[in-house]
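See structure below.
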Amino acid sequence: MEFKLEEHFNKTFVTENNTAAARNAAFPAWEDYRGSVDDLQYFLIGLYTFVSLLGFMGNLLILMAVMKKRNQKTTVNFLIGNLAFSDILVVLFCSPFTLTSVLLDQWMFGKAMCHIMPFLQCVSVLVSTLILISIAIVRYHMIKHPISNNLTANHGYFLIATVWTLGFAICSPLPVFHSLVELKETFGSALLSSKYLCVESWPSDSYRIAFTISLLLVQYILPLVCLTVSHTSVCRSISCGLSHKENRLEENEMINLTLQPSKKSRNQAKTPSTQKWSYSFIRKHRRRYSKKTACVLPAPAGPSQGKHLAVPENPASVRSQLSPSSKVIPGVPICFEVKPEESSDAHEMRVKRSITRIKKRSRSVFYRLTILILVFAVSWMPLHVFHVVTDFNDNLISNRHFKLVYCICHLLGMMSCCLNPILYGFLNNGIKADLRALIHCLHMS
């Protein structure tokens, strides 16, 4: 992520004392590239400021929302919180130092920062990318093993510790192979006195190319493969579950059409209500009545006392006092209200509505995951292609437009820090409610 001006001008910086002549021969004239972004410097300042503020505020909101409910956090939300933290580091370490080096054409932060800052830039970007891989792996595990025990907080801590360890290990060569080069010594101009460049000084081209290829594999190709495999598995699982429900609904419809008689024949074959209620009440109808709506009919007074209770002589007068769904059992002075039965048509309609909702959600998940993959691929591809091209054939980019092309590629990479809070936070149902509550609290305060 650091400004690799030296890659365009000198491919090999041998760390011996007799390299001044080689550097003078390798570097072009200072005026050839000095004014490459002069016409757009204010535009670049505004664009970098906008992207940096947007990325910083978005990731800060995600981090605050995750920390607000840290006692109820899941493994995915824990990883998303760490992703927001690493993206904040990317914004803080990459944007200001890169923009300053591009616009001022020199390194102004001292020799110690020349060794430290490229290392921190590389670690922050690499950790952010490795956390994306971890989120993809966790989602893949949840889809493939839904019945197994959920991942605990200890698994999240282990993943984060592994990610940061790998980040420090992979980027460890950068502090060693960076040095501060004086421009006066390099270009032989008195106007460039007291101006320095922070450049990579690898022992040979093979070391530099090997490091560039390793970063390409770890920071771009491997995450892209993991994201694609994980999200394809998620979409496939949702699609398989949806098709299974549709097939089961079609089978039920075929069984109903084949075995059930028509509504007209069923109405003709209906038995009278009183006869129906006199048949095996306990065996057939015990589940159709609600205990909450049971009521006891008043028993007639007088000579009927001490005898078996019977239904009043005029049951119509009693039934008129009850709800329309109530039934009177002959010979038993108790009334129950029948539970409403769901017809097969209503059940089918409910299942169809459920399938429609699942289809809508599956399309939403598919679009969101596809956009997530495309955002990562499009935002980081130009910068990695730029580094590979400048390592193998720097003549493809002219001296004057070198810094401008680099700024465009670098800004596209920085855009991922602005879009990650939206894709992983604001579109995440587990974090969306917390974000709304947090924004409301901030607005009220």
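The backbone N, Cα and C atoms fix where each Cβ goes, glycine too.
What Swiss-Prot lists as disulfide bond is CYS114-CYS198. Of all Cβ atoms in the shown protein chains, 26 besides its own fall within 10 Å of the Cβ of CYS198 (disulfide bond).
Taken from Swiss-Prot, the feature N-linked glycosylation site covers ASN10 (among others).
Taken from Swiss-Prot, the feature N-linked glycosylation site applies to ASN17 (among others).
Marked as S-palmitoyl cysteine by Swiss-Prot: CYS441. All chains included, 11 other C-beta atoms sit within 10 angstroms of the C-beta of CYS441 (S-palmitoyl cysteine).
Taken from Swiss-Prot, the feature topological domain 'Extracellular' applies to 1-42 (among others).
Under the heading topological domain 'Cytoplasmic', Swiss-Prot lists 64-77 (among others), citing sequence analysis as support.
What Swiss-Prot records for 99-117 (among others) is topological domain 'Extracellular', and it gives sequence analysis as the kind of evidence. Under DSSP, the residues of the topological domain 'Extracellular' (99-117) split into helix, strand and coil as follows: 14 helix, 0 strand, 5 coil.
Residues annotated as topological domain 'Cytoplasmic' in Swiss-Prot, with sequence analysis given as evidence: 139-156 (among others).
Each residue in the topological domain 'Extracellular' (178-208) has a pLDDT score, and their mean in this model is 75. According to Swiss-Prot, the topological domain 'Extracellular' annotation covers 178-208 (among others), on the basis of sequence analysis.
The feature topological domain 'Cytoplasmic' is assigned by Swiss-Prot to 230-368 (among others), with sequence analysis given as support.
Sequence annotations record features per position, and here Swiss-Prot assigns topological domain 'Extracellular' to 390-406 (among others).
Here Swiss-Prot flags 428-445 (among others) as topological domain 'Cytoplasmic', drawing on sequence analysis.
According to Swiss-Prot, the feature transmembrane segment maps to 43-63 (among others), an assignment based on sequence analysis.
Taken from Swiss-Prot, the feature transmembrane segment covers 78-98 (among others). Residues 1-3, 48, 51-52, 55-56, 59-60, 62-63, 66-67, 109, 117, 120-121, 124-125, 127-128, 131-132, 134-135, 138, 153, 156, 159-160, 163, 410, 414, 416-417, 420-421, 424-425, 428, 431 of the same chain lie 6 or more positions beyond the ends of the transmembrane segment (78-98) yet place their CB under 8 Å from a CB of it.
The annotation transmembrane segment is assigned in Swiss-Prot to 118-138 (among others). For the transmembrane segment (118-138), the residues of the chain that approach it from at least six positions outside its boundaries are 1-2, 75-76, 79-80, 82-83, 86-87, 89-90, 93-94, 97, 151, 159-160, 163-164, 166-168, 170-172, 174-175, 178, 198, 200, 215, 218-220, 222-223, 226-227, 229-231, 376, 413, 417, 420, 424, judged by C-beta separation under 8 angstroms.
What Swiss-Prot records for 157-177 (among others) is transmembrane segment, and it gives sequence analysis as the kind of evidence.
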Q. Reported in the order helix, strand, coil, what are the DSSP residue counts of the topological domain 'Extracellular' (390-406)?
A. 11 helix, 0 strand, 6 coil
Q | Residues near CYS114 (disulfide bond) in space but at least six apart in sequence (CB under 8 A) | A | TRP107, HIS178, SER179, LEU180, CYS198
Q.
I need to check the long-range neighbours of the transmembrane segment (157-177): which residues 6 or more away from its ends have a CB within less than 8 Å of a CB in the stretch?
A. 75, 78-79, 82, 115-116, 118-119, 122-123, 126-127, 130-131, 134, 138, 200-203, 207, 211, 214-215, 218
**Q.** Helix-strand-coil residue split for the topological domain 'Cytoplasmic' (428-445), DSSP-based
**A.** 16 helix, 0 strand, 2 coil
Q | Reduced DSSP assignment, CYS198 (disulfide bond) | A | strand
